[in-house]
Amino acid sequence: MDPRKNLASVGTMPEQERQVTAKEASRKILSKLALPGRPWEQSMKQSFAFDNVGYEGGLDSTSSSPAATDVVNILGMTCHSCVKSIEDRISSLKGIVNIKVSLEQGSATVRYVPSVMNLQQICLQIEDMGFEASAAEGKAASWPSRSSPAQEAVVKLRVEGMTCQSCVSSIEGKIRKLQGVVRIKVSLSNQEAVITYQPYLIQPEDLRDHICDMGFEAAIKNRTAPLRLGPIDVNKLESTNLKKETVSPVQISNHFETLGHQGSYLATLPLRIDGMHCKSCVLNIEGNIGQLPGVQNIHVSLENKTAQIQYDPSCVTPMFLQTAIEALPPGHFKVSLPDGVEENEPQSGSSQRHQEQGPGRTAVLTISGITCASSVQPIEDMLSQRKGVQQTSISLAEGTGAVLYDPSIVSLDELRTAVEDMGFEVSVNSETFTINPVRNFKSGNSVPQTMGDIAGSVQKMAPDTRGLPTHQGPGHSSETPSSPGATASQKCFVQIKGMTCASCVSNIERSLQRHAGILSVLVALMSGKAEVKYDPEIIQSPRIAQLIQDLGFEASVMEDNTVSEGDIELIITGMTCASCVHNIESKLTRTNGITYASVALATSKAHVKFDPEIVGPRDIIKIIEEIGFHASLAQRNPNAHHLDHKTEIKQWKKSFLCSLVFGIPVMGLMVYMLIPSSTPQETMVLDHNIIPGLSVLNLIFFILCTFVQFLGGWYFYVQAYKSLRHRSANMDVLIVLATTIAYAYSLVILVVAVAEKAEKSPVTFFDTPPMLFVFIALGRWLEHVAKSKTSEALAKLMSLQATEATVVTLGEDNLILREEQVPMELVQRGDVIKVVPGGKFPVDGKVLEGNTMADESLITGEAMPVTKKPGSIVIAGSINAHGSVLLKATHVGNDTTLAQIVKLVEEAQMSKAPIQQLADRFSGYFVPFIIIISTLTLVVWIVIGFVDFGVVQKYFPSPSKHISQTEVIIRFAFQTSITVLCIACPCSLGLATPTAVMVGTGVAAQNGVLIKGGKPLEMAHKIKTVMFDKTGTITHGVPRVMRFLLLADVATLPLRKVLAVVGTAEASSEHPLGVAVTKYCKEELGTETLGYSTDFQAVPGCGISCKVSNVEGILARSDLTAHPVGVGNPPTGEGAGPQTFSVLIGNREWMRRNGLTISSDISDAMTDHEMKGQTAILVAIDGVLCGMIAIADAVKPEAALAIYTLKSMGVDVALITGDNRKTARAIATQVGINKVFAEVLPSHKVAKVQELQNEGKKVAMVGDGVNDSPALAQADVGIAIGTGTDVAIEAADVVLIRNDLLDVVASIHLSKRTVRRIRVNLVLALIYNMVGIPIAAGVFMPIGIVLQPWMGSAAMAASSVSVVLSSLQLKCYRKPDLERYEAQAHGRMKPLSASQVSVHIGMDDRRRDSPRATAWDQVSYVSQVSLSSLTSDRLSRHGGAAEDGGDKWSLLLSDRDEEQCI
């Protein structure tokens, strides 16, 4: 019976019957709504209409049905926030009485009503939140027990298309969540899946279809006999099969409408809405209007162009709802109210409509002249206060600023002029681009409560409606419908999270292309975007995002204008007048795909913006040349937008050298003055007057100081002037103020003394400016040298990009008709490019023809090359190792993977907050304080002088008799004031930090640690989390042979002959595994020469084959003694004559292709090595499978000790790698790391670092590869291995020269010592100022303590010397040696078990369970046989421990056996 009929008749029933009927209907509907997967489940957390009509809102069955209590095991909880999220989510479900989650026990106790909710549904709800949930042992779910064999069946499916462990995880994760699936085991090596299922809930065909929908090829291999169900089972099946029960949204809408009319609190409003075009409009209206206060329910029908809204009239009015819908972007919705609704009805909410906020633009500005934090804040304050500016961020370290602004309100030129008016030099660093944030309706953000908030914040989610024709070159217009009924294709962009490798990309593309209405799919791995062209009459963009979500990824439709458009600048020759300009501009703007064209006759340049999907740079050049002009690409310096600091380095170097040349004699004279004379009456030679009032010393001081003041100090004056222009006082202002007043005062009193013909030359302060300028200029010079290093990392990254590409024109059967060398800037999407062996892939693309191996270490960090075949994705900047290939360009310019990595590094360097020197932060308060004290001293002594002249006369040094009393008072007060200003000069404060940093970095370099400046040295002691890369960091990064096994029952050759044959065969291979095997064989044989190989063939992804001869001579020259291995098989004699061996070396597939059978014991032995993180390959000689080689990347011997030491220091340690989870777990167990992030991209590493930083932690990243460089730049301290890539070294803050991981510990230890010394220096400087300033001000004159001017200079010099001597004490630092670390770890350092290591995939924080021996695993491996037939004859220099050592230090470079070749 239709529940709506029951509900519609409520009003005609007696009160008691009506109440019972409503309860019955509510129980039925809400029990169906509680099923997982219903789109309206989350919106029904309360009873809504039932409460409002006076009925009981809860389920009546809750009180009558008995409640059950069960325990659910939950994996993946990390904090109490997880606990609260689970409790809030589950407690809101219907049928849940209560839930208590325990973080310590990793479980939840749930009390629920079985008739409404079962345990499996609860587990699924928890898993949907990102956790792993399962019923505790001994607890039965509310459906038939899984443990009953009679209710389970097993099916084996053949699954093709899996390439890595990520594919296995995706299949297992998706299928395991299906109702009726008990367990699943997917084998990558066997390309099959074994699934135990409940046949009354799901069938094998359904399982096969689900796997096919994920983008794989699946077929049923075999299945168990179908179950025969009795009458009881049939009844149970009917009651359990929840899939047959559905509730349509229309039923729910009608249901609420009926209830709404019955109650006095809710009303139902039918509306007519015009302007809706697609499902995105429906989601836009429902998602925003449904969250307004007073709106209980809303249902929008795209087909009928109507909406049914259930609302509270006391909170909201129909006119308010009409205004709210019409205010939603894009603003073209037209709402008609039903007849009878008063249009002038008062509104309870604001109906003022605000215009949609325009798209923001971001500009990056280069700002010269920023010297400290006090310069940064005024710029940010000034910009943020300007109308139209939404956000600003200034980087002191880079000298750049990012501004997000609305171009409709303020222009970029106005912003640049405003900053220049503050005294800085500004230039535009990069082109502006449009930003339109996508509104995420699933987020927990608060909903706007006013119409202005809605209009300003809600963003349109409709797909791009532009036509997307096939690229046909210039001048071709997009296809338009020829009839009114025709519809052009549309394009949408989907943001995808969770992709970890090229296999994920292939799966998404393959799966989407299976669905009707999808015309083409293009997925970018690094940027996490998918470009989909589709038929809007068949499918809509939200449905496309849902299809991707069904594959196990997070997906959301992006805004149309988030897609970057092409931008090119051309040099055009041949223009003579404005008519030429008009012809070019009009021709370009008429061309389909060109959105903007501007030609300047004076500069002969053209600026063109275009849609790269329709037209390309070469097409634009061709258009211009066709109308009679010549066009070429304007040369752009790729590093022009980076601040290289060359100008600043040059000017501060000049300032320092000038100050030093004239400052050294001044310092020498100061030392001379401090030397006491032999007799008190004797006058020093330099004190003799040349003329009355002018001594030799003062004349020399004047000459030297004048040069320093106006040459060496010129740039200080410039910086101080700019600082004062924007009303801030920094260290430059204080330095200039002190030196200028000291110089001016000294000059004035010297001139006065000469004019008065004084008998004695006065004491001057000419020695102050040279000393200050020398030290400060040196610090500024070194500072800018360090800053210049930041741009070198980006330059190194850009050097990885190819400069030219070979674009080919293809004929029939892919026959190359023409080849052309094209600059990278002119490569277009869709171009076919040829790449020869050893060349770089110039762009991201797909292989059209050819097979090869590609070195993609710049992305994955792994040295193992990856097989590329037709259809495979290649990455710009990677190396083509073997054969020539043709590829189709899919991402060019700024969309390539390499460009994305460059962008990541740029953003990391821009966003990193530099740690300012304590003196700089202090100077903002210190400068005005000292000026006030100095002024106050002047005023006070003038007053004291006029009140009691005797005080001044007593302490003023030998005033001339010709000077009046007033002049004496003024001179004395001014001298005291100058003494305060000079003695308080920030020389000691300024030297406190840089001297300690200079000594600390020098000591670090002597100990094998290169620290780039003071910021990382200061920051290192605050580090709370260290993230290690794997390959090349924790491990050596080079594969090594760990074990060599011979089969005793088939081997007929002695071990050394097998080694000679295998080594000779592999000598012709370029694969890293082949190089490792050859090196091992040479070491074991003790020779550098091998035999000869012919007919060599290497098959990418499989192995090699060849014929080997002339190995007897090698064995004869070898010092090794032959040891036959075969049981009962005599060794081959050395004098038997030359032999030729047919050799096969490779993986399982290679052996199968060559007709060799792999027995189960050999396969199990290979699997055992692979589970330990090693790569196992097989050896066949003369058609007989005779051996197996295990190869791995060994862990560095000090890695485990370094990890233990860091942990003992209270530092958290994590492993983050692009390698697979199996390998990552194997490494983590060996070195003692509990938390692992595997299969991550460079962007994932940056995001993980940012995530930890957002939690308030200081993070250090240790890596060695190009893929690590963005994370190294983002981390608070980036630490690079000295043997790593140049890019990583340039991006890092610290470089470990000796490639020793214990130096990570040493750098933190030295940082603590250095910071401690800096603090001591600052304390000494502050004590000096706190004591010296009162003395200089004359506070202690009444008790006889007087500071003469020369004493002030001497005290200032003494304070500087004391700070320098304090810093030099760091020279005594000694790095803790290895023996000390080993003694501390003795007996405490133990490897972890697999269950102690939590592995997370990509950016997914859900923990992947460690492998445990479950009952299912035991059943799966019950057929394993003994490996007694395998014996190890590896002759190792490590003696008997070789086998154990191989297991202990083994590591798999890649577990994708099918992609490894020798």
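Cβ from N, Cα, C; glycine included.
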**OP:** Would you please say which range out of 309-328, 1049-1068, 1349-1368 has the annotation transmembrane segment in Swiss-Prot?
**Re:** 1349-1368
Original post:
What does Swiss-Prot say: are Tyr721 and Ile1345 on the same side of the membrane?
Top reply: no
Subject >> Cys580 (Cu(+) 6 binding site) CB neighbourhood, other CB atoms within 10 A >> reply: 17
Subject >> Around the Cβ of Cys281 (Cu(+) 3 binding site), the count of other Cβ atoms that are within 10 Å >> reply: 22
Subject >> Residues of the domain 'HMA 5' (490-556) by DSSP state, where helix covers H, G and I >> reply: 21 helix, 24 strand, 22 coil
**OP:** Could you round the CA separation between Cys577 (Cu(+) 6 binding site) and Cys281 (Cu(+) 3 binding site) to a whole angstrom and send it over?
**Re:** 50
Original post:
Measuring Cα to Cα, how many angstrom lie between Cys281 (Cu(+) 3 binding site) and Cys580 (Cu(+) 6 binding site)?
Top reply: 46
Original post:
For the domain 'HMA 1' (68-134), what's the model's average pLDDT?
Top reply: 83
Subject >> Tally of residues which DSSP labels helix, strand or coil - the domain 'HMA 3' (267-333) >> reply: 21 helix, 21 strand, 25 coil
Subject >> Secondary structure content of the domain 'HMA 1' (68-134), with strand meaning DSSP E or B >> reply: 22 helix, 24 strand, 21 coil
**OP:** Measure the Cβ-based neighbour count of Cys577 (Cu(+) 6 binding site), defined as the other Cβ atoms within 10 Å of its Cβ.
**Re:** 8
